[in-house]
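**Q** Got a structure here, written out as structure tokens. Questions coming.
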């Protein structure tokens, strides 16, 4: 027993000794670990403060831009648009950051050499038994290794290109589709599609071929410092073919320029951006079979064309499908009772379209554009009045901020981007190629389109469209997305200069160009008659419509609008009798509660179609040459047989036909509020008597 107690006493003493030894040896290691933690926390705090200061710079830039815009609008100064002003402020800040601010070098920075075959995206470094993770930020030239801290400061104000594509571009593109004036857009649909698709492809190849000749010249005289292939020239042609006449369109809207000219420019730029994005992706995917020679090969070109069609079609379908899903959700739920939730769902569904398309390998720009058009045509009608106002203002605000942020950042990157490659021969060749490419887009296509148009695109309109081919946010975003190679760096630097020139010179000279071409301003798009660009007096409501749109309109009016919205005739009146139960299930109660009002914003787009029929219950309404209304046997549709008579009936906007207690409202303009019933009846009575 005594020996056992003695052994336990010895064990306790030994344990205390080991514990004491451990405690004596811990302070050094504990102090080192504590010091490392303190240093790490200080560096994290400094980095956080630097990031906050960088973001504050951009916020102050936008604030200064807004205040100056107000001053310009107050003084009616139109020689410089807000986007050009944002670029100037960005340039000034870039000069200050590049040459006036110097950050002392950090003595803790260590440069070690390690021979590897590739540059890994993530690097694990073993420092005294501790592993640290480092991420790749980019290549540093040998001459800049000693100035690595200054490079770090400039990189802080250089955003990841994915920020532009995933955060800044979606609201800009969505707002373009959501705010589209469908009335004038669809009237000129054929011409817009020709300019956007055929014109962009022609412009891309014209610019690409001219730039390839320029590159060959640079190679012959020894001014080419790296590889520059034919596919690189085509890629450059695709990105600079993306027009963004935001400056010109803003002035057009302020001066109330001819609505058809506005629609041609706006419609072309909206679809042109989408085509340019898909075209650039197809050119990147272009790869001839065999070795990597980047030479032209017919099969590879056909494959690239197939990729273009597939990506565009898939993106289009995905955008429309998302809009349809949102319309169905807002129609068959009670979300309109909670406007905040309704607006939040609308916002998230719209934004997710872009990310979903990119994740599926399609193009988010195309998807979100057509999603915006679908949301405006269908979902908007299901929203509560509060949500309708909120969504319009929300995306208008996001578009304004994102657009001005991008233009400010353009000016900043001219001095903060460290890998600029400015080649005078390439720059001069680029400006010449862009001019010729735009001319090849506008003038030949306008000549061909005028062969089939009733109202011609006049020469002064063509000159204005040629002059208004500005390059902007989309061109910049496409060029900055990849600047890893010598060719891409030269393209990015040249693209910046092209954007600066077109925004400042072409955008600033818009008012003078309008005067020079004698294009009328102050034109009321809702007025009955005005002098067209060809000098012929015509009606603003008398336009040709694409035959495809006429067919689609009938289908949309009779089936899609009633299915996806609370507007239009009930499906019980348009579906066959055998589908009665399904029609009653899909028709919302509001369709009956609204006394079968037809609220169709596109009814004036097909005025010159002599065979359009609108299915609406069991009423047949026709108009004779005098504009009088006659009702006939119930045949299940409303027939419009006289183009001139219907034009006379609908000339004043929203006009109401009262037949057997059923009201048929045909709105002529989205912006014109419906008049009271008594006022419309009185106005119609006066018109009939006259």
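Note that Cβ sites are derived from N, Cα and C of the backbone, with glycine treated the same way.
Look at TrEMBL and you will find 1-30 tagged as signal peptide. Annotation comment: TrEMBL describes 54-72, 84-101, 163-180, 192-218, 307-329, 349-373, 421-440, 461-480, 486-510 as transmembrane segment. What TrEMBL lists as domain 'Cation/H+ exchanger transmembrane' is 65-515. Residues annotated as region 'Disordered' in TrEMBL: 667-690. According to TrEMBL, the feature compositional bias 'Basic residues' maps to 680-690.
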**Q** Can we call the transmembrane segment (349-373) and the transmembrane segment (486-510) in contact, meaning three or more C-beta pairs below 8 angstroms at a sequence separation of 6+?
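**A** Checked: the transmembrane segment (349-373) vs the transmembrane segment (486-510), no contact.
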**Q** Using a Cβ distance cut-off of under 8 Å, indicate which of 84-101, 192-218, 307-329, 461-480, 486-510 has the most pairs with the transmembrane segment (163-180).
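**A** Comparing 84-101, 192-218, 307-329, 461-480, 486-510: 461-480 has the most Cβ pairs near the transmembrane segment (163-180).
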**Q** Mind checking which residues of the chain, 6+ beyond the ends of the transmembrane segment (307-329), have their Cβ under 8 Å from one of its Cβ atoms?
**A** 274-275, 278-279, 281-282, 285, 335, 345-346, 349-350, 352-353, 356-357, 360-375, 377-379, 382, 564-565
